[in-house]
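I have a structure here, written as structure tokens, and I will follow up with some questions on it.
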């Protein structure tokens, strides 16, 4: 479960995040929509403990990330927009290492199973990451998240650069994690993908959460209009 | 996590062609250097053995001769090449290898290897100590300069931090990945050197314990260098800056500070020039008894003392040959003069060593270098001790000859000759360098400095890699 209370982050005079109150319950997928600079990535970085909030609090599974970041990280997995892995190591070796860092010791069979679950082709398991496309790297990243067996998944723009089938596979995977009770927070620009996979959607602007929706209660068209209006876009389609 | 990071780093390093090539070059150079050094070691020691035997044969077979003529004929003390000089040649190349031992004069060791070489020798030799002290630290830089910066540059640091990485465990894994290959290279070199040396004629001087002590010195030196390289890599953001900074530290620690220390030491505590040194000795010699001058004031004073002591009227009535006695007293005066002036040189050397040790606070190279040379018996300390032993042997030899002359001949009988067998009674020159325990206790300061570098650098490394 993810909770933030009046979470605020200032960089000098710039207010990057303004009193964010957010809850993502177990088995929910919360998509944060917003233009660049809206505060989506700042929210994720605060939850990861990479930056300290100016005020307010945030917790992962009830653990305060500002005071006990390392403990909170045991319960979360993170996939950034540009997932970077070790180019001279194979997919198996990367998965083995990153899982090892999280304290997991996996057998070869388990490593292969996680890579397969993430949708990576069998013949790519032993290949070096240097030869992988962005989509293949994302799949290895997903396998790292799966292997961690995290209760919380943080995704920062995970789908740009993926081909439609990889993007669809990614959506299906999120659904499977949702069924396992994983709480997912995904920052994205992709309204269509958000409407497809999310249980809840929030629209951010200027560091504030402007609107929230239950995904099943809003159509794609209404969501798009709501987004454009929030962004003060004048040429929205009727 | 430590083991996982270690394995990951080793895999990454082993898959980089620059690393494979560098390791290959260093191993090849080491092989060539050990081969050349062992050949040189064998050649020098064969020459030493031949020269020692030949010189002793010359001495023993002088035939019937006046002892003082034999004293002027003289003999040589030869310095052997010690086994661990195969790994660290130290200052051996610049110090003489043989001392001419004669009456009335203390001579400097002569015939250094450097004197036999051409100007091209200024470019330096490919020796194991050059590789151990200069190239392996460079290899450490090459392997480790981007150890932490690459994580930032590749973007893997973000994922690592999200996985809840522990800073010190991560650092230890990376540290081990640098240390283990370097340890193995050094271990291989020392092991080969040990087997080569134990198979060569070494006059019983080779000791595995000393070899191990030298190995330990280099391992600590490399651990310090690894710490420094990792501190830089963890502190800066770009690999390029890390590389340049580490190379800058290498230049400073291994090249600039040692040369700076030499200049400061020489400027602060200068040695007299050879001309001044000789003039000072001559002036002091002239103030005392000259064994060859029976008319000098000192000689007359000695004569008077002896006549009074033995209650006789003339020196021909003395129970010994006064010529031989005066000759010995002259030697004793000259030996004291030499002792005084060489002691001054040693005092200056001791003060210069203090300057070097104070500079070791800014370069781990200096304590490592001094310890290595000391264990190898290729340092100035060993050279001084050899010269002192040769001088003591010269003094004893002169006494042996003068006493024989005084006790067995009559005053004024310069034509008296000792038997042909007499020369064999002179004991052979033997010099034993300090044993390992003595060497280490003489180097307490360097051991503390190197240990201090290790602890301090490791502490700083732990501090800089601490990740929230």
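Yeah, the Cβs are placed from backbone N, Cα and C, and that goes for glycine too.
All TrEMBL annotations are machine predictions without curation.
Here the structure is a predicted model, which means the values were calculated and not measured.
What TrEMBL records for this protein is below:
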TRANSMEM  B:21-38  transmembrane segment
TRANSMEM  B:130-148  transmembrane segment
DOMAIN    B:131-255  domain 'ABC-2 type transporter transmembrane'
TRANSMEM  B:175-198  transmembrane segment
TRANSMEM  B:210-232  transmembrane segment
TRANSMEM  B:239-258  transmembrane segment
TRANSMEM  B:447-465  transmembrane segment
What parts of the chain pack near the transmembrane segment (B:130-148), using Cβ distances under 8 Å and only residues at least 6 beyond its ends?
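Residues packing against the transmembrane segment (B:130-148) from afar: 9, 13, 18-19, 22-23, 26, 29-30, 33, 87-88, 124, 174, 177-178, 181-182, 185-186, 189, 218, 221-222, 225-226, 229-230, 232-234, 239, 242-243, 246-247, 250, 253-254, 365, 368-369, 372, 465.
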Select the range from B:21-38, B:175-198, B:239-258 that forms the most Cβ-Cβ pairs under 8 Å with the transmembrane segment (B:210-232).
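Per the Cβ under 8 Å count, B:175-198.
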Count the residues of the domain 'ABC-2 type transporter transmembrane' (B:131-255) that DSSP assigns to helix (H, G, I), to strand (E, B) and to coil, and report the three numbers in that order.
104 helix, 0 strand, 21 coil
